[in-house]
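First the structure, in the form of structure tokens, and then the observations on it.
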Amino acid sequence: MKKIWLALAGLVLAFSASAAQYEDGKQYTTLEKPVAGAPQVLEFFSFFCPHCYQFEEVLHISDNVKKKLPEGVKMTKYHVNFMGGDLGKDLTQAWAVAMALGVEDKVTVPLFEGVQKTQTIRSASDIRDVFINAGIKGEEYDAAWNSFVVKSLVAQQEKAAADVQLRGVPAMFVNGKYQLNPQGMDTSNMDVFVQQYADTVKYLSEKK
């Protein structure tokens, strides 16, 4: 009996220590107004945002977060249109096309690089070329671009940003209640930071 009790006590201590690693106001903040019906894990980004490029291409935050998510928990990525003027809005619509066609993974890197690295994306036509080079037929892209589904996805992205009162990117929210706070994490080591970021998302996704 004593051994069982000690084992249970050890589990409780382990859980308490794990929970104590995460503090509201440190690794995350609780939203003043929770958003009902928000995606379970929601990341906002812009192809114009240098930090978003770093999160995606250097730190691989999205990939690492997905690996840590509990079974059945889905991650959603939305593009914002408050950067880049009219081209930023075109990129939000293009991201809606990518979501509708299920080709996000094919176009993410070339869109980031075309905007920030090679600066070859300067118009809606240039964006279209990226999709075609990624293997999407021009007719398919054009049909999606003008579709009701894509227009709805654009509105959905804009509404989601307004609902959480988004002020900047990259930003990640969990269950419409919590926002990740990278400034409160260990930035002395890249691998440690990425691990802590992904672990915090996992913790919040399981938080009741």
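If you go along the chain as it appears here, the first residue is 1 and each next one adds 1.
Any Cβ shown, glycine's included, is placed from N, Cα and C.
The signal peptide annotation in Swiss-Prot covers 1-19.
The domain 'Thioredoxin' annotation in Swiss-Prot covers 20-150.
For Cys49-Cys52, the entry in Swiss-Prot reads disulfide bond. On its own chain, Cys52 (disulfide bond) has Phe45, Ser46, Phe112, Val169, Pro170 as residues at least 6 apart in sequence with a Cβ closer than 8 Å to its own Cβ.
In the three-state DSSP classification, Cys49 (disulfide bond) falls within coil. A C-beta separation below 8 Å, combined with a sequence spacing of at least six in one chain, links Cys49 (disulfide bond) to Met83, Val169, Pro170.
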